[in-house]
Amino acid sequence: RIPPGKEPFTTYFDSKIPIPEDETHSCFSFRKLWAFTGPGFLMSIAYLDPGNIESDLQSGAVAGFKLLWVLMLATIIGLLLQRLAARLGVVTGLLLAEVCNRQYQKVPRIILWLMVELAIIGSDMQEVIGSAIAINLLSVGKVPLWGGVLITIADTFVFLFLDKYGLRKLEAFFGFLITIMALTFGYEYITVKPNQEKLLKGLFIPYCQNCGTAQLEQAVGIVGAVIMPHNMYLHSALVKSRQVNRANKREVREANKYFFIESCIALFVSFIINIFVVTVFAEAFFEKTNADVSSVCVNTSSPHSSLFPSNNKTLEVDIYKGGVVLGCYFGPAALYIWAIGILAAGQSSTMTGTYSGQFVMEGFLNLRWSRFARVLLTRSIAITPTLFVAIFQDVEHLTGMNDFLNVLMSLQLPFALIPVLTFTSLPSVMNDFANGLFWKVAGGVLILLICSVNMYFVVDYVRALNHVALYVGAAVLSVIYLSFVAYLVSLAQAETPCRQDKLMDLFHRRYHRIVSVGKALEAPPAPP
């Protein structure tokens, strides 16, 4: 009970969106799909953040159209993993972080929380700095990187409270930002006119002719950029925003179906936008040298021509240099429209990153703070290192930091994938909706594949540092890291009955509370 004079603890999902009944369409209803539409598009923004955009453009510049099939495969794998996270939230009514809180002992739980927070901080740095770079480009260099970071922090706080005016309005705002990305990157696609035959060949023929180490590393980088660990935690929370009677198997099954359809649509849209970016740089800048770009920039009197030395090294681009190169080749409009797209990507992903931070901290630590205090704490944890980077780092030399952040997030993947596969496979958690044998095997293979690919990425990154002390440090950390991953896997195989009883009791209490609140808020009208 709530003591007199005290406000009840509130979260992002106080007002849940009702699902309309549609008696005329039993198998599929567009009205119901529209009611369930929202969480998948918010989740899909992680597939469109500045880190992904940078991975896309580097893929096009390094390998041309040859790695489009890797992007498609990574997106499909991401969809299957997001399906598991959404099902966990729908069936249990709990965040993935909340289930981790109840299932794991205190020490591993705290370590797991810290690992996920590291992933959020790494992703947030890419997102906020991406927004700051866009602001720098739009202001023709007048706003420095640190100034763009401060502006991004300020407007993120403003936009985060849009849900006070209704959850649907907030979801519409995210839809507006995705539309801006589609229009801006689509404009670049139409302007450059990529070769459609090469595009289709790159998508559907899994080959990489004459590819070397650079192309292989880029393929690994695509997988690491697309599949984000904190996005599993986010999606399991977002699906709680719809009214679903979890005691009714038909309603739960229906919610799982519509959320999956919505996720398919949302990730298809994000995939198309990613294709726009890859193919633009594949068509215009594949196998270009610094000298090629420098001469064009000098001829067009670009103020950024000094970025590219007159040598025959292969062109290396990031989201800042990418915008500059587009401006040199296709005019100032291409540069500014590119910057607007990056700003929309950075702003939207920064907001969803903030929500991820709140859900993760609330679930793992069982926080019951006011909404403003939670936003302030999670923003401060993520923004402080970003601000230091912005103050001491030059806007023109951020590629090395981006590579490091991709490695950091790759290392955190098992700490989302192992829990989500474990919990969705447990009948004590999912009841009749637990994963069958196919999903257990397929999920295990996918996780093993993703973790192996990302470990290769990490090993390759450390090897490139060329320092014995760093090798030793990396080896020690690797032993600790792999031991903890093995520990999580062993827990998945040895769930104790007491934990099962604890979880079942928690789910039943949570369900009865949801039902009682729902009945109180939405009492049916008296029959005529």
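Each Cβ is built from the backbone N, Cα and C atoms, and glycine gets one as well.
Keep in mind that TrEMBL annotations are predicted by a computer and have not been checked by a curator.
Quick caveat, the model's predicted, so the values are computed rather than measured.
Residues 47, 194-195, 198-199, 201-209, 211, 214-215, 218-219, 222-223, 226-227, 232, 263-264, 267, 270-271, 274-275, 277-283, 285-288, 314-317, 417, 420, 442-443, 446, 450 of the same chain sit 6 or more residues outside the transmembrane segment (60-81) yet have a Cβ under 8 Å from a Cβ within it. Annotation comment: TrEMBL describes 60-81 (among others) as transmembrane segment.
Below 8 angstroms of C-beta separation, residues 46, 49-51, 53-54, 97, 100, 104, 143-149, 151-153, 228-230, 233, 319-320, 323-324, 335-336, 338-340, 342-343, 345-347, 349-350, 353, 356-357, 360-361, 364-365, 381-383, 385-386, 389-390, 395, 398, 401-402, 405, 408-409, 412, 415-416, 419, 484, 488 of the same chain, each at least six residues beyond the ends of the transmembrane segment (111-137), sit close to that stretch. TrEMBL lists 111-137 (among others) with the feature transmembrane segment.
The transmembrane segment annotation in TrEMBL covers 143-161 (among others).
Among the features that TrEMBL reports, transmembrane segment is placed at 173-190 (among others).
For 219-238 (among others), the entry in TrEMBL reads transmembrane segment.
The transmembrane segment feature in TrEMBL is assigned to 259-282 (among others). Under 8 Å from some Cβ of the transmembrane segment (259-282) lie the Cβ atoms of residues 33, 36-41, 43-45, 47-48, 52-53, 56-61, 63-65, 67-68, 71-72, 75, 78-79, 82-83, 86, 90, 178, 181-182, 185-186, 188-189, 192, 194, 198-199, 202-203, 239, 317, 322, 326, all in the same chain and six or more residues away from its ends.
The transmembrane segment annotation in TrEMBL covers 324-345 (among others).
Annotated transmembrane segment per TrEMBL: 372-392 (among others), in sequence order. Counting same-chain residues at least six beyond the ends of the transmembrane segment (372-392), those with a Cβ under 8 angstroms from any Cβ of the stretch are 117, 120-121, 124-125, 128-129, 132, 144-146, 148-150, 153, 156-157, 160, 353-354, 357-358, 361-362, 401.
The transmembrane segment annotation in TrEMBL covers 404-425 (among others).
The list of residues near the transmembrane segment (437-457) in space but at least 6 beyond its ends in sequence, with Cβ under 8 angstroms from a Cβ of it, reads 77, 80-81, 84, 217, 220-221, 223-224, 227, 406-407, 410-411, 413-414, 417-418, 421, 424-425, 485. Sequence annotations record features per position, and here TrEMBL assigns transmembrane segment to 437-457 (among others).
Annotated transmembrane segment per TrEMBL: 469-489 (among others), in sequence order.
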Checking 143-161, 324-345, 404-425, 469-489 against the transmembrane segment (173-190) for Cβ pairs under 8 Å, the most are found for 324-345
Considering only the recorded stretches 143-161, 404-425, 469-489, state which has the highest number of Cβ pairs under 8 Å to the transmembrane segment (219-238). 404-425
Report, as numbers and ranges, which residues of the same chain sit near the transmembrane segment (469-489): CB under 8 Å and 6 or more residues beyond its ends. 108, 111-112, 411, 414-415, 418-419, 422, 451, 462
